[in-house]
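Novice: The following block contains the structure, expressed as structure tokens.
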Amino acid sequence: MAYELDEQKKVGLGLIGFGIFFTFLAIILFFDRGLLALGNILLLAGVALLLGWRSTLQLFKVNYKGTISFMLGLFLIFVRWPVVGIIVEIYGCILLFGGFWPSIKVFLFQIPVFGWILQYPALLLDRFRS
């Protein structure tokens, strides 16, 4: 594998995965506020563990538009506007983590079963492969 993962990064990836899972589950369950908040907390903790504390703070300082959008979405979820909050959060995530797409693509295509499914020609996702 191209990337070496120590234990802290493995835990960070796990937290990010659980954060995405809980957020997805909350959307399926009609925007449950508790699950959305839990998903957001796990996602932020996972990013902090994966990148490191200094890199995470630097990322949030440099991408201030994404940071403001993400935090505004989080605030809207807490004040009982979950639909609008999740839309604003998704926009903030795209702004914050858009620069990581090449690394994410390489990682996803190297996962044994999932990568093979993504490369299946009928899905037309092979064009994303660099």
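Any Cβ shown, glycine's included, is placed from N, Cα and C.
Because TrEMBL annotations are produced automatically, they should be read as predictions rather than curated entries.
Taken from TrEMBL, the feature transmembrane segment applies to 12-31, 37-56, 68-101, 107-125.
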Novice: Should anything in the same chain at least six residues away from the transmembrane segment (37-56) have a Cβ under 8 Å from its Cβ atoms, list it; otherwise answer none.
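Specialist: Beyond its ends, the transmembrane segment (37-56) has Cβ neighbours at 8-9, 11-26, 74, 77-78, 89.
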Novice: I need to check the long-range neighbours of the transmembrane segment (12-31): which residues 6 or more away from its ends have a CB within less than 8 Å of a CB in the stretch?
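Specialist: For the transmembrane segment (12-31), the far contacts come to 5, 38-51, 82-83, 86.
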